[in-house]
Amino acid sequence: MKMTRRAFVKANAAASAAAVAGITLPASAANLIASSDQTKITWDKAPCRFCGTGCSVLVGTQNGKVVATQGDPEAPVNKGLNCIKGYFLSKIMYGQDRLTQPLLRMKDGKYDKEGDFTPVSWDVAFDTMAEKWKASLAKKGPTSIGMFGSGQWTVMEGYAAAKMMKAGFRSNNIDPNARHCMASAVVGFMRTFGIDEPMGCYDDFEHADSFVLWGSNMAEMHPVLWTRITDRRLSHPHVKVNVLSTYYHRSFELADSGYIFKPQSDLAIANFIANYIIQNDAVNWDFVNKHTNFKQATTDIGYGLRDDDPLQKQAKNPNSGNMTSISFEEYKKSVAPYTVEKASEMSGVAQDKLIELAKQYADPNTKVMSLWTMGMNQHTRGVWMNSLVYNIHLLTGKISTPGNSPFSLTGQPSACGTAREVGTFAHRLPADMVVANPKHRAIAEKIWKLPEGTIPPKPGFHAVLQDRMLHDGVLNCYWVQCNNNMQAGPNINGERLPGYRNPENFIVVSDPYPTATAQAADLILPTAMWIEKEGAYGNAERRTQAWYQQVGTVGEAKSDLWQVMEFSKRFKMEEVWPEELLAKAPQYRGKTMYDMLFANGQVDKFPLSEARQLNDDSHHFGFYVQKGLFEEYAEFGRGHGHDLAPYDVYHTVRGLRWPVVDGKETLWRYKEGSDPYAKKGSGWDFYGKPDGKALIISAPYEAPPESPDAEYDMWLCTGRVLEHWHTGTMTRRVPELYKAVPDAVCYIHPEDAKARGLRRGDEVLISNKRGEVRVRVETRGRNRPPQGLVFVPFFDARILINKLILDATDPLSKQTDFKKCPVKITKVA
């Protein structure tokens with residue numbers, strides 16, 4: 001073996017060190033230590049796998065495995081920082097129970113719903129799936145099949161799945177788990193502006209004078225963004241931080257003012273602020289007159305429950321999203337009852353504190369950034385709350401300029417990029433189009449090369465309705481990808497678990513690990529994770545980021561994209577389309593669904609030579625799959641305010657914020673000079689509306705569906721903690737994160753604990769009409785609820801706390817309220 005002088009010096013240094021330690025090294029071994037490629041770490045960029053912040057990380061790989069990650073110093077989002085979860089990304093793919101081959105419930109050598117999980121080949125898995133799907137399609141039609149996806153799908157995975165369901169199977173029964181986190185934000189954006197997603201960007205953090213958190217614990221849930229707020233606050237003494245919540249948490253530690261309000265009363269607080277602005281002549285009349293219209297929301301709209309539920313039957317206008325035009329004077333009259341006295345009485349927040357908050361919004365010289373996540377969205381009036389905060393910013397003209405921003409923070413890494421922009425919701429198509437609009441269907445059918453009438457006009461079953469339809473045997477074949485809804489979703493015992501185990505139904509779960517959802521399924525498909533595949537995510541500030549595959553997957557695991565595309569080969573077009581459609585498109589006769597969807601001359605037009613050598617999906621299908629899907633998808637938005645850059649560009653940058661026009665990203669939408677779609681001379685142009693004007697929408701306080709009573713005397717709020725991601729599927733398999741927070745606990749006020757004879761660490765039973773869980777109490781932790789409320793995180797699979805949550809939703813967004821339901825707490829003897 002030839003040795004350079006440099007290697008010789010290194011080898012001798014290693015040998016000398018070994019000799020001092022009393023170890024003898026062969027010369028060849030010393031040489032290997034000095035010069036072997038085995039010791040080299042290769043670094044490449046990728047967006048973080050966890051939240052919607054969109055941090056970029058550098059991934060270190062060695063010998064086909066991820067061995068390290070670090071914050072990307074070139075990334076404008078996180079500037080080299082990571083949160084504690086991000087620092088342990090290298091370990092999420094290597095849990096000891098990682099699934100490596102398909103598992104089918106079998107007895108006596110064949111599928112049996114009551115059988116044991118048995119390893120099978122991919123062919124057996126897909127053949128079994130196809131048999132079940134074909135039987136359901138033949139018997140009941142396309143409404144009998146469904147899919148539940150994810151804001152953690154890559155852009156390409158979500159696009160392929162939505163295309164397969166809506167164009168191939170002709171079923172709109174596809175919905176993402178983003179229904180549980182961002183649906184109210186989506187409807188809020190669409191009602192007020194006509195276009196989804198924030199108008200501002202993360203640059204606002206460096207310009208704002210006041211930050212107002214409406215139901216968001218950013219210190220734990222968006223910690224990297226929280227560092228930017230912290231830096232702004234500590235380096236600029238005039239800056240104020242305001243935190244509103246139903247319980248005390250870590251974000252209060254930085255707050256200049258904290259506001260603990262009674263559950264649901266945020267509606268009253270927001271209306272009070274609007275009233276204060278009007279009463280104190282703080283309305284920006286020039287902005288309001290030029291750029292807004294006023295509407296009244298239909299009220300008494302129910303709670304998205306089953307039609308036969310007594311609460312739903314009581315509603316005068318169940319599920320109505322209708323609005324009527326009103327004047328400013330009528331709007332003024334609608335908020336007038338929300339005086340400081342009334343708002344204080346309803347919320348429990350002191351009058352002087354409410355006035356202090358309102359003044360920050362009213363002061364024309366104070367730039368305000370409002371921020372929210374699940375506290376506002378997971379709310380039976382979440383859409384209204386989104387609108388009420390927009391009202392405040394529109395009344396004052398504090399919008400779409402640096403530091404003035406109502407900013408809906410996203411929970412998942414691609415809830416924006418995939419669930420929302422791609423349109424994997426049951427009612428949506430890409431680029432904010434909807435299935436109910438014939439013009440939108442026509443655009444999709446043209447891009448997808450479909451005959452007219454292919455895409456059904458009726459929205460499919462949303463997430464909560466999917467559970468009910470599985471329970472009732474209406475939905476029979478169901479594919480779950482990239483989420484753990486059996487643990488995360490509401491009312492587990494009442495709807496979901498009976499639906500999964502309904503003998504009429506066949507449930508497929510694609511996941512890297514044996515989650516609670518997987519264990520309730522009939523077939524489990526092992527899934528590739530993160531950089532085991534190529535993909536793209538879209539974060540909360542409209543930033544699209546792409547990454548290359550960097551390691552191979554484990555065992556026989558395959559990406560969700562591979563699974564969708566490969567499964568589509570099992571169907572001839574005659575098995576999924578009626579004769580009248582085939583007559584309009586005879587070129588598809590005898591073809592497979594794969595041929596129609598993915599070998600269509602568009603998706604498959606980029607040769608394999610353009611892909612990297614390590615790209616398992618592309619090498620399997622014989623063309624550059626990810627680029628083809630991305631470029632076809634991008635056709636929907638280009639020229640329509642959702643412009644994306646060419647796919648290859650994203651591999652050369654740390655993301656771009658759409659719309660990207662002539663190679664330039666957009667920081668502040670709707671503002672002339674920043675947004676290329678804003679008309680010249682307009683100042684502001686809310687071009688999502690036909691007249692270019694945003695809506696100020698009047699909506700009152702309405703009570704939650706349930707409240708504590710004599711038997712169930714405590715509020716329960718569920719949520720997350722810093723160390724774990726959602727249900728802990730990944731983070732609980734990282735030893736350091738698991739050891740840091742091994743178990744969920746019940747955070748309770750010391751006086752509530754004392755009244756029940758409880759001490760810190762005691763085990764309690766938390767129960768209500770929907771179930772019960774056992775958990776230990778914590779009276780001194782990071783979360784400190786007021787009397788009458790407890791907080792329990794949902795990451796712990798041993799404590800399925802969300803089984804207690806009522807499956808009531810916002811009737812407009814169909815998003816569940818996980819933040820308030822009545823429970824009782826008793827000590828376990």
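Cβ coordinates are placed from backbone N, Cα and C, and glycine is handled just like the others.
Features of the protein shown, as given by Swiss-Prot:
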SIGNAL    1-30  signal peptide
DOMAIN    41-97  domain '4Fe-4S Mo/W bis-MGD-type'
BINDING   C48, C51, C55, C83  [4Fe-4S] cluster binding site
BINDING   K85, Q152, N177, C181, 214-221, 245-249, 264-266, M374, Q378, N484, 510-511, K533, D560, 718-727, N802, K819  Mo-bis(molybdopterin guanine dinucleotide) binding site
BINDING   F794  substrate binding site
Cβ-based isolation winner (fewest other Cβ atoms within 10 Å) among the binding-site residues K85, K533: K85
DSSP-derived helix, strand and coil totals, residue by residue, for the domain '4Fe-4S Mo/W bis-MGD-type' (41-97): 7 helix, 20 strand, 30 coil
Pairwise Cα distance for F794 (substrate binding site)/H726 (Mo-bis(molybdopterin guanine dinucleotide) binding site) [Å, integer]: 7
Distance [Cα-Cα, Å, rounded] between G215 (Mo-bis(molybdopterin guanine dinucleotide) binding site) and C83 ([4Fe-4S] cluster binding site): 20
Neighbours of C48, C51, C55, C83 excl. site residues, C-beta within 8 Å of centre, [4Fe-4S] cluster: F50, T53, G54, N78, N82, K85, G86, P223, V224
Cβ neighbour count (within 10 Å, all chains shown) around E220 (Mo-bis(molybdopterin guanine dinucleotide) binding site): 20
C83 ([4Fe-4S] cluster binding site) and V721 (Mo-bis(molybdopterin guanine dinucleotide) binding site), Cα-Cα, nearest whole angstrom: 12
Nearest of the binding-site residues (C48, C51, C55, C83) to E220 (Mo-bis(molybdopterin guanine dinucleotide) binding site), judged by Cα-Cα distance: C83
H726 (Mo-bis(molybdopterin guanine dinucleotide) binding site) and C83 ([4Fe-4S] cluster binding site), distance between Cα atoms, whole Å: 15
Minimum Cα separation from H726 (Mo-bis(molybdopterin guanine dinucleotide) binding site), reported as the residue among binding-site residues C48, C51, C55 that achieves it: C51
Arithmetic mean of per-residue pLDDT over the domain '4Fe-4S Mo/W bis-MGD-type' (41-97): 97
Cα proximity to M374 (Mo-bis(molybdopterin guanine dinucleotide) binding site), best match among binding-site residues C48, C51, C55: C51
